[in-house]
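Undergrad: Marked as Na(+) binding site by TrEMBL: GLY108, THR111. Under the heading transmembrane segment, TrEMBL lists 37-54, 66-85, 97-116, 128-154.
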Amino acid sequence: MQGNYLQPESSSDIFGASLGWSFQDTESGEASQMEQLVYIALLGALGCLCRYFLSGFVYQIFGSSFPYGTLAVNLIGAFLIGLVMEFSVRSAAIPPTLRFAITIGFLGGLTTFSTFSFETFRLLEDGALLIAFTNVLVSVVACLTCTWIGIMVARAL
């Protein structure tokens with residue numbers, strides 16, 4: 001009996017999360033769609049727990065006058081996605097099942113654009129325009145920089 005396996009439609013669909021999944025028969029032993037979803041869910045839960053504890057730890061150290069906890073998890077996630085995706089693009093060191101579980105699951109649970117948006121909105125609403133602007137600027141520039149650093153580290157290894 002042949003099984004259907006979850007794979008991205010094309011090599012440009014490196015996250016496997018865009019419009020369509022294609023189901024291909026394969027003998028490679030890759031995870032079934034259900035297994036893939038379970039891995040994503042489990043690593044997503046782990047990412048959420050890491051975000052909770054890490055951001056709480058950062059807020060204890062730096063206080064809550066600036067969204068340091070959210071910034072920290074987003075910077076770490078940006079670095080890790082650069083690292084993981086560059087390894088995936090350059091070699092087969094990270095199989096698709098693991099790549100999806102890490103990027104969609106763990107990093108999706110760890111990082112949080114919605115919290116960033118809400119915290120920035122609250123800062124604007126409270127009249128803290130300079131802090132809100134700083135949060136946006138630092139988050140965007142620093143996260144892009146961390147992604148680039150992750151890619152550079154992966155290329156150096």
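Glycine too: its Cβ is placed from the backbone N, Cα and C atoms.
In terms of burial and nearby residues, how do these features look in this structure?
TA: Within its own chain, GLY108 (Na(+) binding site) has GLY44, GLY47 as residues 6 or more apart in sequence whose C-beta sits under 8 angstroms from its own.
If one looks beyond the transmembrane segment (37-54) by at least 6 residues along the same chain, the residues whose Cβ comes under 8 Å of a Cβ in the stretch are 31, 69, 72-73, 76, 97-98, 100-102, 104-112.
Proximity of distant same-chain residues to the transmembrane segment (66-85), defined by a Cβ-Cβ separation under 8 Å and at least 6 residues beyond the stretch ends, is recorded for 14, 50-51, 54-59, 94, 99, 102-103, 107, 110-113, 115-116, 119-120, 123, 131, 134-135, 138-139, 142-154.
Among residues of the same chain six or more beyond the transmembrane segment (97-116), those with a C-beta under 8 A of the stretch's C-beta atoms are 6, 14-17, 30-31, 35-36, 39-51, 67, 70-71, 73-74, 76-78, 80-81, 84-85, 88, 135, 139.
A Cβ distance under 8 Å defines the sequence-distant neighbours of the transmembrane segment (128-154), meaning residues of its chain 6+ beyond its ends; these are 65-67, 71, 74-87, 90, 116, 119-120.
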Undergrad: Under 8 Å Cβ to Cβ from THR111 (Na(+) binding site), same chain, six or more residues apart: give me those in sequence order, or none if nothing qualifies.
TA: GLY47, ARG51, VAL73, ASN74, GLY77, ALA78
